[in-house]
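Chemist: So TrEMBL says this about it:
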- 1-20: signal peptide (SIGNAL)
- 62-81: transmembrane segment (TRANSMEM)
Amino acid sequence: MAFTLYSLLQAALLIVNAVAVLHEERFLRHVGWGSNQGIGGYGEEPGIKAQLTNLIQSVRTIMRVPLIALNSITIILLLLFG
(Lines of atoms letter the chains of each structure in order from A and count residues from 1; the text may use other names and numbers.)
(Lines give C-alpha, C1' and ligand atoms only; values in the text may rest on other atoms or scores of the structure.)
Protein backbone atom coordinates (compact mmCIF):
# COMPACT_ATOMS: atom_id res chain seq x y z
CA MET A 1 0.00 0.00 0.00
CA ALA A 2 1.46 3.30 -1.07
CA PHE A 3 1.55 6.31 1.21
CA THR A 4 -0.99 8.63 -0.38
CA LEU A 5 -3.16 11.49 0.75
CA TYR A 6 -6.14 9.12 0.80
CA SER A 7 -4.37 6.69 3.14
CA LEU A 8 -3.39 9.61 5.39
CA LEU A 9 -7.03 10.77 5.52
CA GLN A 10 -8.13 7.20 6.25
CA ALA A 11 -5.70 7.00 9.16
CA ALA A 12 -6.97 10.30 10.54
CA LEU A 13 -10.54 9.04 10.23
CA LEU A 14 -9.63 5.87 12.13
CA ILE A 15 -8.04 7.90 14.92
CA VAL A 16 -11.09 10.17 15.23
CA ASN A 17 -13.30 7.06 15.27
CA ALA A 18 -11.18 5.58 18.05
CA VAL A 19 -11.52 8.76 20.13
CA ALA A 20 -15.26 8.93 19.47
CA VAL A 21 -15.97 5.42 20.75
CA LEU A 22 -14.15 5.82 24.08
CA HIS A 23 -16.84 5.27 26.69
CA GLU A 24 -16.47 7.39 29.79
CA GLU A 25 -17.86 4.98 32.40
CA ARG A 26 -16.32 1.84 30.94
CA PHE A 27 -12.85 3.00 30.07
CA LEU A 28 -11.95 6.58 30.90
CA ARG A 29 -12.92 6.58 34.58
CA HIS A 30 -10.99 3.35 35.20
CA VAL A 31 -7.78 4.96 34.02
CA GLY A 32 -8.50 8.23 35.85
CA TRP A 33 -9.66 10.32 32.88
CA GLY A 34 -13.28 10.94 33.91
CA SER A 35 -14.99 14.24 33.20
CA ASN A 36 -15.04 15.32 36.85
CA GLN A 37 -11.41 14.42 37.56
CA GLY A 38 -8.52 16.80 37.09
CA ILE A 39 -10.52 20.01 37.23
CA GLY A 40 -8.45 22.94 38.43
CA GLY A 41 -9.53 26.03 40.28
CA TYR A 42 -10.75 29.30 38.85
CA GLY A 43 -8.11 31.16 36.86
CA GLU A 44 -5.70 28.24 36.72
CA GLU A 45 -4.39 26.87 33.47
CA PRO A 46 -5.92 23.45 32.77
CA GLY A 47 -3.37 20.67 32.67
CA ILE A 48 -2.74 18.36 29.73
CA LYS A 49 -5.03 15.74 31.23
CA ALA A 50 -7.95 18.17 31.48
CA GLN A 51 -7.30 19.43 27.95
CA LEU A 52 -7.28 15.90 26.52
CA THR A 53 -10.46 15.05 28.42
CA ASN A 54 -12.13 18.15 26.97
CA LEU A 55 -10.89 17.18 23.49
CA ILE A 56 -12.35 13.69 23.83
CA GLN A 57 -15.70 15.08 25.00
CA SER A 58 -15.73 17.61 22.16
CA VAL A 59 -15.00 14.97 19.53
CA ARG A 60 -17.73 12.74 20.95
CA THR A 61 -20.24 15.61 20.91
CA ILE A 62 -19.46 17.53 17.74
CA MET A 63 -18.17 14.84 15.38
CA ARG A 64 -21.00 12.32 15.85
CA VAL A 65 -23.01 13.16 12.70
CA PRO A 66 -20.04 14.08 10.46
CA LEU A 67 -18.35 10.79 11.38
CA ILE A 68 -21.37 8.85 10.19
CA ALA A 69 -21.20 10.65 6.84
CA LEU A 70 -17.42 10.32 6.50
CA ASN A 71 -17.49 6.63 7.38
CA SER A 72 -20.26 6.04 4.84
CA ILE A 73 -18.33 7.85 2.12
CA THR A 74 -15.17 5.93 2.96
CA ILE A 75 -17.00 2.59 2.82
CA ILE A 76 -18.57 3.45 -0.53
CA LEU A 77 -15.22 4.53 -1.97
CA LEU A 78 -13.57 1.33 -0.74
CA LEU A 79 -16.34 -0.77 -2.27
CA LEU A 80 -16.11 1.05 -5.61
CA PHE A 81 -12.35 1.41 -5.99
CA GLY A 82 -10.96 -1.32 -3.75
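Cβ atoms are placed via backbone N, Cα and C, with glycine included.
Where in this structure would I find these features, and how exposed are they?
Modeler: Same-chain neighbours of the transmembrane segment (62-81): 10, 13, 16-17, 20, counting only residues six or more beyond its ends whose CB sits under 8 Å from a CB of the stretch.
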Chemist: In the same chain, who gets a Cβ under 8 Å from the signal peptide (1-20) while lying at least 6 residues past its ends?
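Modeler: Distant contacts of the signal peptide (1-20): 55-56, 59-60, 63-64, 67, 70-71, 74.
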